[in-house]
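Listed features, source Swiss-Prot:
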type: ACT_SITE; residues: Asp65; note: active site, proton acceptor
type: ACT_SITE; residues: Asn133; note: active site, for ring-opening step
type: ACT_SITE; residues: His135; note: active site, proton acceptor
type: ACT_SITE; residues: Glu140; note: active site, for ring-opening step
Amino acid sequence: MDIIICKDEQEVGKAAAALIAPFATKGGTLGLATGSSPLSTYQELIRMYEAGEVSFKNCKAFLLDEYVGLTRDDENSYFKTIRKEFTDHIDIVDEEVYSPDGANPDPYEAAAEYEAKIAAESVDVQILGIGGNGHIAFNEPSSSLSGLTKVQALHPKTVEDNARFFNTIEEVPTHALTQGLGTLSRAQNIVLVATGEGKADAIRGTVEGPLTAMCPGSILQMHNNATIIVDEAAASKLENADHYRLMEQLKLR
């Protein structure tokens, strides 16, 4: 696990984009996350694309999750969100951006189909954010560390947190389709980004805590090619922060 500590959110985005861009140039398969954490990364990748520094035209992409009951074109779907925040602004083919089928009347069938589709590909680099409690995608604390794509009932706090994106809390879906931690772990490379003091406990648990289902992010300790990129605030509770800074300085380029 490599730990990169940056000055601020903008620098986090630049560092993450620098790792991801080579995979895009090679026409790789990308794993995309939504949420606030990867926004600066997407903004930097868009800038690089507009500057002619990277192309996504031969890439495929898989989203982490989707709400049960929402179509891809619903304004609150994660597929619609990733289009607005990222894929509409680059040259990736829209048909090569995949998400779980939230509109399938049988969500368990949708989960199995999405798991099979991901298994048939090799995700070259997976972009991740992390929740304040260490959750990855919709894998909340106590989720199986080897779990596959599944139907996940949303914690009431998650429903409450996501209500800001809907007109009323009653409109927030109560279930989601999400890649499991075992699914995510098959990615060849993982880049997790986190910013802000609110993520400091989760980053400490992910990097320095025990491997435990109570901190889903800790599964990255077992991955051969995981990079954690954080700003100073998110790194504020890391006991070995100075060591990580030194190791990054000494890394052979």
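Numbers run from 1 along the shown chain.
Cβ atoms here come from the backbone N, Cα and C positions, even for glycine.
Features recorded in Swiss-Prot, as mapped to the structure shown.
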residue	record	Cβ contacts under 8 Å, 6 or more apart
Asp65	active site, proton acceptor	Thr34, Tyr78, Pro100, Ala137, Phe138, Ala176, Leu177, Thr178, Gln179
Asn133	active site, for ring-opening step	Glu140, Pro141, Ala202
His135	active site, proton acceptor	Pro141, Ser143, Pro216, Gly217
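Under the three-state DSSP scheme, His135 (active site, proton acceptor) falls in the coil class. According to its DSSP assignment, Glu140 (active site, for ring-opening step) is coil.
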